[in-house]
Structures are given as structure tokens and as C-alpha cells.
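Database features (Swiss-Prot):
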TOPO_DOM  1-161  topological domain 'Lumenal'
DOMAIN    43-137  domain 'Ig-like H-type'
DISULFID  Cys52-Cys133  disulfide bond
CARBOHYD  Asn68  N-linked glycosylation site
TRANSMEM  162-182  transmembrane segment
TOPO_DOM  183-199  topological domain 'Cytoplasmic'
Amino acid sequence: MNNLWKAWVGLWTSMGPLIRLPDGITKAGEDALRPWKSTAKHPWFQIEDNRCYIDNGKLFARGSIVGNMSRFVFDPKADYGGVGENLYVHADDVEFVPGESLKWNVRNLDVMPIFETLALRLVLQGDVIWLRCVPELRVDYTSSAYMWNMQYGMVRKSYTHVAWTIVFYSINITLLVLFIVYVTVDCNLSMMWMRFFVC
């Protein structure tokens, strides 16, 4: 029964606006399966900030490291419960000041509802550093991300979350239908709205 539930949830989460799958299960020796701790031999750096949250299906993350570094590799990965996916960020999301600091402010990354943790693989001066961030969930039930919110609730087995999403989505659809019917039935009102949008 549990496998059937997982298969159904997997099918459900692959539908809707998030029609994409992770890169696949990583092999035993690959970076995505390394422990969530720093592998640097000399802790010559200081982590000042490492935060992330999900806002209606979009991942936001920010953080900073201070230390004397002249080169770096910034490699963020999404962890989908043992399945890793590389996240692609813009160059202006990362700010590097040689010899001083490395800061990142990643915005609007699409993640699937089965997202668990953000793993940051940093290579600073040849030392490999792993940072882990468990995102805070911020939900706006009135947003257009109703499908993502429903999928998230199904994956986490949070039926209250699913119920609230359905309630607010039903209200939005009802108001939209009432508006369309109200405007199209009354010709004078319809002409008034047309003049409003044309002007």
C-alpha cells in the first residue's frame, strides 16, 4: 500500500505546472551523497548567513562566507530525498570580493513539491565545503500556485494544507465566474468595462 501511495504521489507531482524531473539518482561516489558538513581541513572561513525559504513553489536562498579567498566554485543542488538536481543560478546572484567574502542571493528558482533541502557545494581555495539549508515554507493560498500547494500537501500528507488550497481556489473560480456572468449579462455594465479597459 505504501509503494502504491508513493507511485500515486509521484505521478501527481509530475503533473501541472512543474512538468520536469530531477537529474536522476546519483551514484555512490558522487558529490550529492557526501555528508552535510564541511570537509575543509583548515577552517579559515566564517559562515555569516545561510537561509532559504520556498514561496509558492519558488526557492529563495541567501548567505555569505567571510575569509581570505581568491577563487571559488558555487554549486547549489536540490535534494529530493536521495535524488539530486543541479540548480542553475544567474551570475549576478553571486557576489565575490577576492580576499574578503562570498555572498549569494538566489531568487525565483523552480523546485518540485518533493523538495527537502538545499545543498550548497562550495570549493574555496581547493577546500570543499558543504552547507545545508532546510527551507521555511511560506504559503499564499490566494496566489496562482494552487497546483504546487496541492502537490506539496499531498507529498507531506498535510491534508489541512490541501483543504485550504482547494477552498481558496474554489473561491477564486467562483468569483471569476460570477464576474464574467455579471458583466456579460448586463450589456450596459459590459460596455462600461470595455470602455474602462480600452481607455
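Each Cβ is built from the backbone N, Cα and C atoms, and glycine gets one as well.
Where Swiss-Prot records a feature, it is marked here on the structure.
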residue	record	DSSP class
Cys52	disulfide bond	strand
Asn68	N-linked glycosylation site	coil
Cys133	disulfide bond	strand
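Averaged across the topological domain 'Cytoplasmic' (183-199), pLDDT for the predicted model comes to 62.
The two recorded residues, Cys52 (disulfide bond) and Asn68 (N-linked glycosylation site), show a Cα separation of 25 Å.
Taking CA atoms as the reference points, Cys133 (disulfide bond) and Asn68 (N-linked glycosylation site) are 24 Å apart. Around Asn68 (N-linked glycosylation site), the C-beta neighbours below 8 angstroms that are at least 6 residues distant in the chain are Trp44, Gly99, Glu100. The 10 Å shell around the Cβ of Cys52 (disulfide bond) contains 20 further Cβ atoms across the protein chains shown. Other Cβ atoms within 10 Å of the Cβ of Cys133 (disulfide bond), summed over all protein chains shown, number 19.
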